[in-house]
Amino acid sequence: MAGVCDAAAPGEGGGGGADGPERTGRGEAEQPGGGGHGPAPQHTETLGFYESDRRREKRRGRAELSLLRFLSAELTRGYFLEHNEAKYTERRERVYTCMRIPRELEKLMFFGIFLCLDAFLYVFTLLPLRVFLALFRLLTLPCYGLRDRRLLQPAQVCDILKGVILVICYFMMHYVDYSMMYHLIRGQSVIKLYIIYNMLEVADRLFSSFGQDILDALYWTATEPKERKRAHIGVIPHFFMAVLYVFLHAILIMVQATTLNVAFNSHNKSLLTIMMSNNFVEIKGSVFKKFEKNNLFQMSNSDIKERFTNYVLLLIVCLRNMEQFSWNPDHLWVLFPDVCMVIASEIAVDIVKHAFITKFNDITADVYSEYRASLAFDLVSSRQKNAYTDYSDSVARRMGFIPLPLAVLLIRVVTSSIKVQGILSYACVILFYFGLISLKILNSIVLLGKSCQYVKEAKMEEKLFNPPPASTPGKPSSKSQSKGKSSQGLSTEENLSASVTSQPGHQKENVIPLLVTSNSDQFLTTPDGDEKDITQENSELKHRSSKKDLLEIDRFTICGNRID
């Protein structure tokens, strides 16, 4: 009983149990009047002591929150970045990537511009010689007899078609008055000219995208086997379509060159400034879009084509201005600052655009070496013995650069600006032509050597000698398998050197072509080595998520901002 009473005592007098706090509250209420139970004043003193201690702590905390302590904390506060090491390492790598972009991009641009130059010089140098050889074969056909079923080889037919299109469009361009077009454009307002120039850029991309299809359709219609059932409208309608396309595209480029010439000759240079600022608008339309690896390859090819076209337009502007000033060399130094300003703006815009695109889409700078290897692969594969297409057509399909309209316009401007009179002038023209041939051959040799080097560095040379499957699906050709085995027995370097130095030969119709197409599904841009671990493959998968491979991308590159 005593234990029970002792256990119950704290609940009654000391505030224990369920109703302890209520009794304590009543004791505090009766304290001023002198009533209540005995233990209540002692408990109240304990609570008061705790409350006073809490007030002292608050006063001490307010005293410590002084301006001096705040300033000292701001001055001595530290960073503990090692707690998030992965995040800041990634940020640092992004900075290094942006610093590497200008160098890697300009390497790709430099290589691509010389590829376009090679295809452009082909029209002026080797194409006339090839047309002459084809016509010579056609005239001397009775001497050879009718041993061959074809009068001309398919390549010779394509060469003659190209030459005839160039000659016809050149004479048609004589009916377009350049001076009248210049004064008509010069009389327009600045804003109207800015709008016209933007419309011309869009139209140029559309023309280039559809133009190569028209030319390819003409070539295939003229050279396809005749025993097949006719499923086309005929060679002559296709030929007229090709002539109309080249003529209209040449006029379009002429209007672009005239607008640029007006901007150069304006007194306040306001139009030139507006046209240069138009390049920076391109950054806004490209940077904030999602880009995959293949889409960036499309844009890079489009930028290469655009930069080379601008160089030719600047050459045309300089020729027209020098003609107006009677070829005074002093006027060339007047044009030089404006030319440098246009080129510098193009380079700056491309660098900024590609730097931020790679930053926002987590693409490394090494991807540009892969793009360069893909372009080099096209050049090397077109030099193989059984290549199915000429390299100039391959560049046109890859970059959207079609040299025929630009060549027609340049010939028209040069012939109207330079008057050839006398034997000495004709001798200078012949020497200049031989100089162009020498430049073309030297450029081709250097490009071929560099392309072989880039293909070996990317470990893509095996793809040059692996024959594609036969035309019949599901049934591989036995000849292709035997040739593949024999090529594997040789060393890779011997195969590469033998394939690029031998001339393409004509193939009979009943033989399945054992050629390597640059747009095959089985080829990848870079080899998937066995030594790569799983983490590296997962990181590369993010950049290879698109179904298309880099070697599949062709003339759609002219629409560089198109997202699949």
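Sequential numbering from 1, following the chain as shown.
Positions of Cβ are set from backbone N, Cα and C atoms, glycine also.
Just so you know, TrEMBL annotations never went through curation; they're auto-generated.
Per TrEMBL, the features are as follows:
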type: COMPBIAS; residues: 1-10; note: compositional bias 'Low complexity'
type: COMPBIAS; residues: 20-29; note: compositional bias 'Basic and acidic residues'
type: COMPBIAS; residues: 472-492; note: compositional bias 'Low complexity'
type: COMPBIAS; residues: 493-505; note: compositional bias 'Polar residues'
type: COMPBIAS; residues: 532-546; note: compositional bias 'Basic and acidic residues'
type: REGION; residues: 1-55; note: region 'Disordered'
type: REGION; residues: 464-506; note: region 'Disordered'
type: REGION; residues: 518-546; note: region 'Disordered'
type: TRANSMEM; residues: 108-133; note: transmembrane segment
type: TRANSMEM; residues: 153-176; note: transmembrane segment
type: TRANSMEM; residues: 235-255; note: transmembrane segment
type: TRANSMEM; residues: 401-418; note: transmembrane segment
type: TRANSMEM; residues: 424-449; note: transmembrane segment
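Panel annotation: around the transmembrane segment (424-449), residues 111, 114-115, 117-118, 121-122, 124-126, 379-380, 383, 500 of the same chain, lying at least six beyond its termini, place a Cβ under 8 Å from a Cβ of the stretch. Same-chain residues lying 6 or more positions outside the transmembrane segment (153-176) and placing a CB less than 8 Å from one of its CB atoms are 123, 127-128, 130-131, 133-135, 137, 218-219, 222-223, 239, 242-243, 246-247, 250-251, 254, 390, 404-405, 407-409, 411-412, 504, 506. The list of residues near the transmembrane segment (235-255) in space but at least 6 beyond its ends in sequence, with Cβ under 8 angstroms from a Cβ of it, reads 161, 165-166, 168-169, 172-173, 176, 178, 181, 185, 196, 200, 203-204, 207-208, 210-211, 214-215, 217-218, 221-222, 309, 313, 402, 404-406, 408-409, 412.
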